[in-house]
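**Student:** For reference, TrEMBL lists these features for the protein:
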REGION    A:1-24  region 'Disordered'
DOMAIN    A:41-444  domain 'Major facilitator superfamily (MFS) profile'
TRANSMEM  A:42-59  transmembrane segment
TRANSMEM  A:79-102  transmembrane segment
TRANSMEM  A:114-137  transmembrane segment
TRANSMEM  A:214-234  transmembrane segment
TRANSMEM  A:263-283  transmembrane segment
TRANSMEM  A:303-323  transmembrane segment
TRANSMEM  A:330-349  transmembrane segment
TRANSMEM  A:355-379  transmembrane segment
TRANSMEM  A:391-411  transmembrane segment
TRANSMEM  A:417-440  transmembrane segment
Amino acid sequence: MAAEEEERALLGPAGGDDGGRSPGSPRALPAVCDPRRLPHRLLVLALMCFLGFGSYFCYDNPAALQTQVQRDMKVNTAQFMALYAWYSWPNVVLCFFGGFLIDRVFGIRLGTVIFSIFVCVGQVIFALGALVNTFWLMEVGRFIFGIGGESLAVAQNTYAVSWFKGKELNLVFGLQLSMARIGSTVNMNIMGWIYSRVQDLLGYTGPSTLGLTLMIGGVTCLFSLACALILAYLDRRAEKLLHKEQGKTGEVIKLTDVKDFSLSLWLIFIICVCYYAAVFPFIGLGKVFFIEKFKFSSQEASAINSIVYIISAPMSPVFGLLVDKLGKNIIWVLCAVITTLASHIMLAFTFWNPWIAMCLLGVAYSLLACALWPMVAFVVPEHQLGTAYGFMQSIQNLGLAIIAIAAGMILDTRGYLFLEVFFSACVCLSLIAVVMLYFVNHLTGGDLNWSAKKREKLQKVAAAEVEEQERLRRQNEDDLAKLQPKADDFSLRNKYLSKLGAQGSEAVAESAAEDNSVTFSEIRYA
Amino acid sequence: MAAALPLLLLLAAGGGAGAEGGRQVSMQYNPGWNNSSVNLLHVRAVGPSDTLHYVWSSIGAPAVLLVASASRSSTLRVNWTQLLSPAPAGAIWIDPPGSVVYSTAVVFTKVFEYSEAKTLEELFYPTYDLSDFSWDSINRTLNHTALTAEFTGIPATGPSGSFSNGSLAFRVTAYEANGRDGPLPSLLHTADSSKVEFVLAGVAPRGNSSRFALEVATVEETGVVQKLRSARSIDDEYTPTIFETLSLVAQSQNGSSTLSFLQWKATAYGSQTPRREDSIQCRSHGLQAANWTLPMSSIVHAYFGEGVGSTYTISAINISFGGEDGKVYQEKRYLSWSVLLGFGQPPEDTFSPLVISIMAVALGTPMVMLLVGSCVVLFVQRKRYSEYEPIN
């Protein structure tokens, strides 16, 4: 069979040649088909990137079509925002189980396909709900979409870890996140156009116009499903040919760890929840805000509403590097929160050109993502990291769901000024948490706000000592320690930092943790 | 005009009183005429030192006469036989005439229906001339406690065609004190103002993308300058998502004082219980001096006489309803637009105490925490040093 021939072709030259680069060999597979060679891995990389494209594209469909959804489905803003809340609800729980499902139940390949199917089916039901003019069906669609979307992001990262290692992995995470940003941005700017084309085609506006538009948007999900299927095939083929193991998330979640969380960690949670609650629901409602308050045209409003995503793509690596080199995470978080507060206040109380405020928001958002997420690793022991990140995402989703609905209700009854004041108050709450975190950290002598230099110095001093301790510890509990090879620690953190899903997969931090996860020798954010 | 200064003084006093005790408002239907075939509603708002008269009538086109009088006891006089005759000039006056410091009138003349095709060419359907409407007696709708009344009309030709199932109405509300309406657009009002709500209910549109526009004419004594002001405010908490307030103000010639105003938010609503999502965009098309003679609005003729251009001038403004897609009316078959009319300065929205207190607490708390935190840190460090000192 062809597969056997492939195997022979691969295994033959693999004896001495580590890269499998034997272009002269007549039996060699074409480069694109050889799992060890760059062209093939690039193909896999492309598939991985497009795996998440559909879900990122469709996540913000409601924001891109807010006026149309509200007009055609005759819903108020609170009901409209429920579409976002329904996405978040399943993830309050699923954050803890996504990894488990992939590792123990489905396996990465089947898991990815299943999650992609959830995304597709969710989007189709969402569109169908519009077609038959039943709003609750749309909500059901968003719920199913939410089940798939967030877990798909976990699967995507797991794939990346299983195919790419080390430096490559940084790039891969970066590319995946850029793809996410592109998905969101393209959605924001193209859905309105598609709607107007469908409207021209049908000759009228109404639920069926909306439904058809969303169906067309759903094509991206089908495309992603196709990527998932091809990826599953290629992964299986690679497993056969290279005897490679199926990727695992390596996620360990123990809910009882929650009681051991420090005050600092809880403060970080508060910062996270309050901050994201003031950014994502705002973007969800943003388009109409710019149209009504600033008299923007529909296209212009779409553009300004997607600027946060656009800015965060190039700025994240820059800030990642900056925070990595300078340390002092709390100060950076403080700057980001204050800037966000300023931009919300600007949007609330002035008619200044909103591009200024939105660009500031975009910059602040990128900065916060780069400085906040890695802090968790400083205040949590390695073995609790999974639980900490799972918990952080869970309450982030809970916060987003609740705030989304509250924001819709506030808009309907109190208007945009009050809504902006509400968002400002949320940011202030996270500001309070940052200030508290600063003092708590200062008083308890924590390392959150050390500069990178100091960290390095102290780390060198401690290195020998730690090594000694580590040796002792390993002797004592050799099983546990040896079960987790270094590469896994490394990829573990990667995953947590990057699986922040459709709303916020912003941070990819990578740590080549030498021992107790104090060192972030290499952090990359995209 | 010469009366501007006294009015200013009067309203300065009256406004103050309005804020404290308000005005005593009484409504009288067809004073001195025992017949309900015509509608004339006299709203008399007595302040501490002045009286504001609002005379609403549907004789001819629906109109309101606003007269400020410096006397608490001034009364409205109507010569009914003359008023209902073809030459009504002088049939309405305020007694004593010398107490009148300022008078103006607002006439709702026409309702246009047009469709805006894609070619930007506006197609106008035959205009509804409100002076040709027949109006129900408002006696039944008169509410002396809520101070409301409703003029409902249909074309005089009878309830056929578009109006077979619908009607056009003007809902009048008088105010005794400063305050704010409950239902949207929740206009802020003073004791020196009244509200009128233009309502189209059930009127069938004659085209697929029909829009309506209301023509409002104002009558001012010569020498009074009118200005249309559009104020964009950041504060939309009372009228969610509506940031624009328009006001048509009448100023004395030297521009120093505002005599009267019409004020409205740039929105109409497509529901009897208006919510944000029922909002219908409302645009106003420049104020124009109207050279035409007023349509048969008898009370304006009856009060101001026949001196168009010499003793008084007429201006007109069109208010159109429906945004880029004039769909809302098509679906709801309901449109209501509220406008406040009154004497003196139009009221201005200010931030609600809730907004101010939320901002104060939200911004204040981090500051306080920063201060307290710094103190605690300083204190702890000092304590540490003092503990270390003996060791050193």
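Each residue, glycine too, has its Cβ placed from N, Cα and C.
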**Student:** For the transmembrane segment (A:263-283), find every same-chain residue at least 6 residues outside the stretch whose CB is under 8 Å from a CB in it, and list them.
**Tutor:** 60, 63, 81, 84, 305, 308, 333, 337, 340, 344, 361, 365, 368, 372, 375-376, 379-380, 388, 391-392, 395-396, 398-400, 403-404, 407, 423-424, 426-427, 429-430, 433-434, 436-437, 440-441, 444, 446, 448, 503-504
**Student:** State the non-local partners of the transmembrane segment (A:330-349) in its own chain: residues 6+ outside its ends, Cβ under 8 Å from one of its Cβ atoms.
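**Tutor:** Result: 271, 275, 278-279, 282, 289, 319, 323, 356-358, 360-361, 363-365, 367-368, 370-372, 375, 416-417, 420-421, 423-424, 427-428, 430-431, 434-435, 437-438, 441, 448-449.
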**Student:** Tell me whether the transmembrane segment (A:214-234) sits in contact with the transmembrane segment (A:42-59), defined here as at least 3 Cβ pairs under 8 Å among residues 6 or more apart in sequence.
**Tutor:** yes
**Student:** Please report, as numbers and ranges, the same-chain residues at least 6 past the borders of the transmembrane segment (A:42-59) whose CB is under 8 Å from any CB of it.
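**Tutor:** Those are 32, 35, 87, 112, 116, 119-120, 123, 126, 145, 148-149, 152-153, 155-156, 159-160, 163-164, 172, 175-176, 179-184, 186-187, 217-218, 220-225, 227-228, 230-231, 234, 502-503, in sequence order.
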